[in-house]
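Data first, discussion second: the structure below is written as structure tokens.
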Amino acid sequence: MASLPSEGLSRGDLRKRLRTQRNSLTPEAQHDAAHMLAEQLTKLPEWQRANTVAAYLENDGEVGLQAVINSANQADKILSLPVIHPFNRQHLLFLRYHQNTVLTRNRFNIQEPVLRCPDVVPFSHHQLILMPLVGFDADGNRLGMGGGFYDRVLAPYRHRENRPLLIGTAHDCQHVDHLPIEPWDFPLDMVITPSHVFRPAR
């Protein structure tokens, strides 16, 4: 699978180029990518073993996870979605999601569950987190949108062995040959695209 050369490009330049690429995909290509990714993911033993998983609702050309969400519901997994914290607006909460969950749009115009305290799922209760991204490389480095939300959630787990498995989900066109990283970046355990499963050596 070809990757985007990153030499000479800043993180901002990479974000712009990669967002343009994924937003240029046709609806048919998006649909096919979502189903191919779901097939890749749901065959993994890590997915099959997990009882509590976090996903996301796609935005800005991200690969869709509705087929994955449907699979989680059919397997009776506890499924959560990220929600911007109402009081600490630079942090995320994770709320249980099911077919009847009422959704709203946050300040980034991204759909998220309406906050209900009984629906909060502590981050540490998850076995597996599906993470959106703008770009990734084969070493598991992740380029996000730049808000740092997942970095802040993950910061307390940097030196813990007992933490959720972090899986990035992306289109094939979001693969970069090498990502410049920052000290606060948290590497992924795995990246799944419609055509490939990346398992970085650690």
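Any Cβ shown, glycine's included, is placed from N, Cα and C.
Quick caveat, the model's predicted, so the values are computed rather than measured.
Sequence annotations record features per position, and here TrEMBL assigns substrate binding site to Leu57, Glu62. The annotation ATP binding site is assigned in TrEMBL to Arg142, Leu143, Gly144, Met145, Gly146, Gly147, Gly148, Phe149, Tyr150.
Structure with TrEMBL features highlighted.
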residue	record	CB count, 10 Å
Leu57	substrate binding site	18
Glu62	substrate binding site	23
Arg142	ATP binding site	23
Gly144	ATP binding site	19
Gly146	ATP binding site	10
Gly148	ATP binding site	15
Tyr150	ATP binding site	20
Applying the rule Cβ within 8 Å of the centroid of the Cβ atoms of Arg142, Leu143, Gly144, Met145, Gly146, Gly147, Gly148, Phe149, Tyr150, what extra residues of the same chain belong around the ATP site?
Leu133, Val134, Asp151
Nearest of the binding-site residues (Arg142, Gly144, Gly148, Tyr150) to Glu62 (substrate binding site) - Cα to Cα:
Gly144
